[in-house]
Amino acid sequence: MVTVRVPAKVNVQLGVGGLRADGFHDLANVFFAVALFDEVTATPAEGVTLSCEGPDAALVPLDDTNLAARAARLLAAHHGLAEPGVHLHITKAIPVAGGMAGGSADGAAALLACDALWGLGTPLETLLELAAELGSDVPFALLGGVALGRGRGEILESLPVRGTFHWVFAVADGGLSTPAVFRECDRLRDEAGTGFTEADVPTPDADAALLAALADGDPVALAGALANDLQAAALSLRPSLADTLRAGTEAGALAALVSGSGPTCAFLVKDAEAAAAVAAALRASGACRAAHPTYGPVPGAAVRT
Ligand SMILES: C[C@](O)(CO)[C@H](O)COP(=O)(O)OP(=O)(O)OC[C@H]1O[C@@H](n2ccc(N)nc2=O)[C@H](O)[C@@H]1O
Ligand SMILES: Nc1ncnc2c1ncn2[C@@H]1O[C@H](COP(=O)(O)OP(=O)(O)OP(=O)(O)O)[C@@H](O)[C@H]1O
């Protein structure tokens, strides 16, 4: 039996370029791994089977579309294993369809767990390539820490970061579909007359002030540099998120932004005490389903010993 623990992410910068011919967008995507973890436990079995526990378990598909099952089959195929055998049990704490890469995390965790269970010893470089086949957010879940993702987010470069930053995540009722949020971003840009294809939208770049704030461990500077080009689209599809963002700011957060494609909202705070206070205020406001104080960066997917 092998258990892998894997973190959620927030995007501290999500610069979105134009729509590419392949349906993806070029990104300047600064991923930041936070201490909100799923666990994937792999045990020997016949075929690939799944189970899931946690508050959102009913929302997780237990068929071949699950990213953990897809990861197991992809790894097996890569090694020419004709009949992969594994049961994957997911202990889910990352919100489902919440913009925190929960499914991607499980895909990354399953790659590592199956690799260990089957004794394959696949090099990290190969696991990262397989992860990119599963989805744009999956490679980062293997890496963790803070990293700049280029291309569709899969070409990663780890970034220097000092110390620990404190966060609160406000979980919404109901998820948002990532492709729908990207489509809404394109629609809003088109409506604004700025265009939305690669020909119209410049390729985004990482913000120097943001990178410096991370390297300096300066939460106030990071608060001033947080940016998410998908936020307007998430708010357009879910206008009530404006109330959630406001509730956290009024409670004393340094900054508020939508996490990735949403609808989870992320609040950067100055320390652990502020995180507890902002989380309590968010719960009391009724502007979210749950509020989790946490911190980061934390390492990527790893086998629990
Ligand atoms: C919003 C983010 O979470 C930020 O980290 C990611 O960009 C989304 O990554 P993901 O969920 O792993 O997405 P994928 O499974 O690779 O792609 C799902 C869909 O999202 C859209 N998509 C995704 C990534 C990207 N760079 N451009 C896109 O337009 C596409 O419609 C794609 O078909
Ligand atoms: N292991 C999994 N856990 C959760 N959802 C999964 C999983 N595998 C597949 N899915 C499907 O993927 C959809 C998106 O779920 P996920 O939790 O990954 O969204 P997300 O966190 O918004 O993604 P991202 O931040 O990477 O865009 C779910 O609605 C579900 O149908």
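Keep in mind that glycine also has a Cβ here, set from the backbone N, Cα and C atoms.
Residues annotated as active site in TrEMBL: Lys9, Asp137. Annotation comment: TrEMBL describes Pro95, Val96, Ala97, Gly98, Gly99, Met100, Ala101, Gly102, Gly103, Ser104, Ala105 as ATP binding site. Here TrEMBL flags 66-145 as domain 'GHMP kinase N-terminal'. The annotation domain 'GHMP kinase C-terminal' is assigned in TrEMBL to 211-286.
Mapped onto this structure are the features recorded in TrEMBL.
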{"residue": "Lys9", "record": "active site", "DSSP class": "strand"}
{"residue": "Pro95", "record": "ATP binding site", "DSSP class": "coil"}
{"residue": "Ala101", "record": "ATP binding site", "DSSP class": "coil"}
{"residue": "Asp137", "record": "active site", "DSSP class": "coil"}
Would you mind reading off the Cα separation of Gly99 (ATP binding site) from Lys9 (active site), to the nearest angstrom?
8
Recorded positions near Asp137 (active site), in sequence order, restricted to Lys9, Pro95, Ala97, Ala101, Gly103 and a 10 Å Cα cut-off:
Lys9, Ala101, Gly103
Entries of Lys9, Pro95, Ala105 (recorded positions) sitting next to ligand 2, with Cβ under 6 Å as the cut-off:
none
What recorded positions in Pro95, Ala105, Asp137 place CB under 6 Å from ligand 1?
Asp137
Considering the binding-site residues Ala97, Ala101, Ala105, which residue's Cβ sits among the greatest number of other Cβ atoms within 10 Å?
Ala105
Which chain-mates of Pro95 (ATP binding site) that are at least 6 residues away have a CB under 8 A from its CB, listed by sequence?
Asp56, Gly102, Phe169, Val171, Ala172, Gly175, Thr264
How big is the gap, in Å, between the Cα of Gly103 (ATP binding site) and that of Lys9 (active site), rounded to a whole number?
11
Stretch-averaged pLDDT - the domain 'GHMP kinase C-terminal' (211-286):
98
